[in-house]
Structures are given as structure tokens and as C-alpha cells.
Amino acid sequence: MKRIAIVVVVLLGVVGASLAVGAGNQIDTLRKAAIDREPEAPAIAQVENNDIRRKRAYPMQPPTIPHKIDGYQVDLKVNRCMACHSRHRTEASQAPMVSVTHFMDRDGNFLAEISARRYFCQQCHVPQTNARPLLANDFHDIDDLLRASQSPSQQH
Amino acid sequence: MKAFLRKYWRVITSPSRYYSLGFLTLGGFTMGIIFWGGFNTAMEFTNTETFCVSCHENIYDELQQTIHFTNRSGVRAICSSCHVPHDWTDKIARKMQASKEVWAWVTGSISTPEKFEARRLALAQHEWARLKANDSLECRNCHEFSYMDFTRQSPRAVNMHSTALASGDKTCIDCHKGIAHRLPDMSDVHGF
């Protein structure tokens, strides 16, 4: 009886250890180096600066920023983004105006200026870089899904 | 007093009694070089970064985070590149104005970061007004419009530079504020 108990405990230990090793390998995939090694940092990616608007992945997606924003000051004193994108600056700058949702407070009331909760542009809007994705992206937008559901033969 | 002045007038107007004409002309010439060289060297010293930063430390920290301090090509601007005219006469005029700023430093009118923040807008407006008046000369000393290659600028920059800047309607400082320092409260400033 005692011998059987020892065998069971050893087996459990082996199974547990192999599971732990498996999990370790998964964590290792992005890092690509042993835990005691300092992997070489990837080159810093270049920020896209072509002023070409990207397609949105879904209708409510905050549009990405198609230009550099190096050193843009957004704080209590000034919002550099709004020097072009605010309502009264768009004629001179020809930049897209911030959408009307930005003028709404949390209760849906429209304010004269952008709402405080929308003040920090980069909470939602970000510039894009030429960095290669670390993982493949299998996101399908709603059009793909609708098309797929209408004609089951054309499934992706 | 009158007698004193008359005595010196006589010394200056009468011919030299002991020194030769050659000594006086050559001596005057040499002393002139030493004085003029010394004057300009001293003035150039007040144009160095070390001299400026000996008082303006906080603002120097801000500069260090901008492209005018560190960039890909290593060409950089020091304080005087932008804040002091490069032309000699204009430089002298600016240096004389700056003597008032020495008084402000002595009396400690901007002796704490808080006092500086309170006056940041007014101080910035002085510089904006100066650059607006001289058509952003200190910018153009490096960024000369005639040599700008629009094909190497972003579409957004080409749009602005080929229209408003090219026509002389706007000058650099109209848009490029806060490129070397943090901006003050801009809520009442045109263009923000």
C-alpha cells in the first residue's frame, strides 16, 4: 500500500513538472532568450509620417495618428493637438476636427469645448510605426464576418 | 571744475613732448586691437551656453528634451543661436537690453520656479514679439526658406510652407512656438 502511494506521488510530480515546462516555453516565445540572458533590444521603429488616413478596423475605432507627434505638449497649460484639430482651428489647418462625441460629458450633454475626459488625445489615438507585429493578427472586421455568414462556401 | 577741464583740454590738444609720433600711433593701434579684441571676446563669452546656464538652469533642462538639443545629425542650437541676433549692431542692442535682465537677476524678481511659471507667458510673449518683428531672423539663420526641399518634408509641412510661409503671410514663430521650451498657458494666444 505504501509503495503504491509513493508511485502515485512520483507520477503526479512528473506530470506537474512537465506542465510547468510547457507553460515556461509559452512565456518564452516573445522574449526569445534564456531567462539568464539579456536579449538584444529590437531596433526602435520609425513613426509613420505620411498623413494618409488608415482604415478603421471597426466603426467606433479611434482613428490612428498618421503623423509624428514628437514633443507635442498636452498638459494643463496647452494641448498641442488641438492647435490644429479643435473646431476653431480646422479652417486654418485643414486637419480633421475632433468628433462631436468629444464635446459630450459622461451624461451626454454637449459642452462648448472638448470634454475634460477627452482631453488627453493619446489615451485613444496613437501614431503608427513600421514595426513588424510580434504575433500574426487574425482579426476579421465586420464586413468579412457578414460576407462569411452569407455564403458559407466562401469561409476564410 | 572748469579749471580742471581746461587743464585736461590743454593736455589733449597740445602736441606730445616726450613720445614720438610713431610710438603714439603704433601704441594707439596696438591698444586699439587689444581693447577691441578684449571687448568682443568678453561679449562672445556672454553668448556661450556655460554663461547662460549659470543662471538659466531650469530652462536648460527643457531644451535638453527637444530636437534643438539632440538630433540625428548632431547640429544643435545653443541659447544665443535663437535669443541673440547674430548681426553685430543688433547684438549690441540686445546686449544692452539684457543689462536690465541682469538687474532683474540681482533683485531676484524671478528667483523661484513658481515665480518663473507665473511670468512664463509674459516672457514668452516678449520673444514671440521680437521674432515676429524681425521675420524670425534667428530661425532663418539656419532654416533658410530658399534652401528648403519640399520633397523632403511631410505633406502637412509642404502645405503650410508653400502657402503661408512662401507668401510672407506668416513667419516661423507664428506656428512653431514651444519648439525649444515648454509652452505657457496658451488659452488666450492666437493659433491655439
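Including glycine, each Cβ sits where the backbone N, Cα and C put it.
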TrEMBL has A:Cys121, A:Cys124, A:His125 binding heme c 2. Which one of A:His102, A:His140 is in the same site?
A:His102
Distance [Cα-Cα, Å, rounded] between A:Cys84 (heme c 1 binding site) and A:Cys124 (heme c 2 binding site)
17
Ranking the binding-site residues A:His67, A:His85, A:His102, A:His125 by other Cβ atoms within 10 Å, which is at the bottom?
A:His125
If you measure between the CA atoms of A:His125 (heme c 2 binding site) and A:Cys81 (heme c 1 binding site) and round to the nearest Å, you get 11
I'd like to know which of the binding-site residues A:His102, A:Cys121, A:Cys124 sit within 10 A of A:Cys81 (heme c 1 binding site) at the Cα level.
A:Cys121
Work through the binding-site residues one by one (A:Cys81, A:Cys84, A:Cys121, A:Cys124) and point out the residue whose CB has the fewest other CB atoms within 10 angstroms.
A:Cys124
Can you give me the Cα-Cα distance between A:Cys121 (heme c 2 binding site) and A:His85 (heme c 1 binding site) in Å, rounded to a whole number?
11
Between A:His102 (heme c 2 binding site) and A:His85 (heme c 1 binding site), the C-alpha gap once rounded to whole angstrom:
11
